[in-house]
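J.: Have a look at the structure that comes next, please.
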Amino acid sequence: MDRIRIVGGNELNGIIPISGAKNAALPLMIASLLTSDTLTLENVPHLADVELLMRILGNHGVDVAVNGRRERQEDSYARTIHFTCRTIVDTTASYELVSKMRASFWVIGPLLAREGHCRVSLPGGCAIGTRPVDLFIEGLTALGATMEIDAGYINAKAPDGGLIGARYTFPKVSVGATHVLMMAATLARGTTVIGNAAREPEVVDLANCLNAMGAKISGAGTSTITIEGVTSLSGARHRVLPDRIETGTYAMAVAMAGGDVVLENTDVALLDTALETLRRAGADISATNNGMRVRRNGAGIKPVDIVTDPFPGFPTDLQAQFMALMTRSSGISHVTETIFENRFMHVQELARLGARISLSGQTAKIEGVERLRGAPVMATDLRASVSLVIAGLAAEGETTVSRVYHLDRGFERLEAKLTRCGAVVERISE
């Protein structure tokens, strides 16, 4: 099992190219099930989750072709991948594959819309809370589907003639459920109105792609999305938007380690709240032609309280990274997690590096320390794993992060991107 070794104490200086967003690429790939034509996606990151989803889609009949020549972006690679599903050959998504990645459960929407029936295993993925499927079931039921849970699977069936447009309001904001209901509604009869919809940029990106395929979607990016059903969708060519979570992660790494880094191929507008929070913590952030420049001013790291919220609030996927930054602040800060109920598993690992963090319910109190000291630590989930890397960049001595397969699910060539900016980071394969 691979480990990441970090020798702390080096500033970051240079250029880091930002990859395509994993959280956008996955639903876009799944949307290929909605058409018999070819969907071409550009700027697809090379990640474990992407590779796994390609296997899952292949089982359903999607032919996947990766361009032989990759678009070289310094130490990152933006791939162009063609997805063609002439015929859906299997409407069952097995436990063996779905249990490995929660997002693969989202095939339930396109399979139900195109074939009228499917059998999909209940999902797996990061162990950061229950993340129930109730919202998915209720939303699809509103479109006329019958849903039955049997032996760990959901058996879903559309009414004769296909799904029927309806008005449905989510009781709680859910990005995944918004993706699924929006995809399913594109082929439903009539008009669907989704209330309390997720407003994340990745939802907008999916809507833009679906519209390019012939869907009629309006309101994406607001809390009300309207979809006028069409009889079929065609192929399209679409570029995956930049990864705002990767962008924020590297910005926090610079704030933690110090230095001067330009983040290329990204957009400051994707994460206004997080960047404003970083500025309050002492980072100097300015927009460039195709990204941003991040520096840490001489005042050090200031304590800042945050509360995670759905977009446009502070992203839960940056919570662990920000907590790592606050361990070196000049005072006391608080991090409150409102999205997931079990997303503080990185706390005990940060404590191994010398962090002072106490928990009270869904709030963590962080007392900044003068220094962190390297130690062996263990990744518990995707975002927690990179928070340990960020802490290791500023820790004295050597930090080793084990179970980095979590890291490979969401960060493309992290060691290479940090190393080219002066960090001492290496992967140790065993």
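Any Cβ shown, glycine's included, is placed from N, Cα and C.
Annotation comment: Swiss-Prot describes Cys126 as active site, proton donor, evidence class sequence analysis. Look at Swiss-Prot and you will find Lys22, Asn23 tagged as phosphoenolpyruvate binding site, backed by sequence analysis. Annotation comment: Swiss-Prot describes Arg102, Arg131, Pro132, Val133, Asp134, Leu135, Lys172, Val173, Ser174, Val175, Asp317, Ile339 as UDP-N-acetyl-alpha-D-glucosamine binding site, evidence class sequence analysis. The 2-(S-cysteinyl)pyruvic acid O-phosphothioketal feature in Swiss-Prot is assigned to Cys126; the stated evidence is sequence analysis.
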J.: Whole-number Å distance between the CA of Asp134 (UDP-N-acetyl-alpha-D-glucosamine binding site) and the CA of Lys22 (phosphoenolpyruvate binding site)?
T.: 24
J.: Tell me the Cα distance separating Asp317 (UDP-N-acetyl-alpha-D-glucosamine binding site) from Asn23 (phosphoenolpyruvate binding site), rounded to the nearest angstrom.
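T.: Checking the Cα atoms of Asn23 (phosphoenolpyruvate binding site) and Asp317 (UDP-N-acetyl-alpha-D-glucosamine binding site) gives a distance of 11 Å.
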J.: Around Arg102 (UDP-N-acetyl-alpha-D-glucosamine binding site), how many other C-beta atoms are within 10 angstroms of its C-beta?
T.: 18
J.: For the C-alpha pair, I'd like the distance in angstrom between Asp317 (UDP-N-acetyl-alpha-D-glucosamine binding site) and Lys22 (phosphoenolpyruvate binding site), rounded off.
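T.: Counting only the Cα atoms, the answer is 12 Å.
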J.: Report, in whole Å, the straight Cα-to-Cα distance of Lys22 (phosphoenolpyruvate binding site) from Ser174 (UDP-N-acetyl-alpha-D-glucosamine binding site).
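T.: Between the Cα atoms of Ser174 (UDP-N-acetyl-alpha-D-glucosamine binding site) and Lys22 (phosphoenolpyruvate binding site), the distance comes to 17 Å.
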J.: About how far apart, in whole Å, are the alpha carbons (Cα) of Lys172 (UDP-N-acetyl-alpha-D-glucosamine binding site) and Lys22 (phosphoenolpyruvate binding site)?
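T.: So the alpha carbons of Lys172 (UDP-N-acetyl-alpha-D-glucosamine binding site) and Lys22 (phosphoenolpyruvate binding site) sit roughly 23 Å from each other.
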J.: Identify, among the binding-site residues Lys22, Lys172, the residue whose Cβ has the fewest other Cβ atoms within 10 Å in this structure.
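T.: Across Lys22, Lys172, these binding-site residues, the one with fewest Cβ atoms within 10 Å is Lys172.
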J.: Near Pro132 (UDP-N-acetyl-alpha-D-glucosamine binding site), which residues of its own chain have a C-beta under 8 A away, given they sit six or more steps off in sequence?
T.: none
J.: Report, as a single number, how many Cβ atoms besides its own are within 10 Å of the Cβ of Asp134 (UDP-N-acetyl-alpha-D-glucosamine binding site).
T.: 12
J.: Mind giving me a neighbour count for Asn23 (phosphoenolpyruvate binding site)? Other Cβ atoms within 10 Å of its Cβ, every protein chain shown.
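T.: Other Cβ atoms within 10 Å of Asn23 (phosphoenolpyruvate binding site): 24.
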J.: Could you round the CA separation between Lys22 (phosphoenolpyruvate binding site) and Arg102 (UDP-N-acetyl-alpha-D-glucosamine binding site) to a whole angstrom and send it over?
T.: 13
J.: Just counting, how many other CB atoms are there within 10 A of the CB of Asp317 (UDP-N-acetyl-alpha-D-glucosamine binding site)?
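T.: Around the Cβ of Asp317 (UDP-N-acetyl-alpha-D-glucosamine binding site), 22 other Cβ atoms lie within 10 Å.
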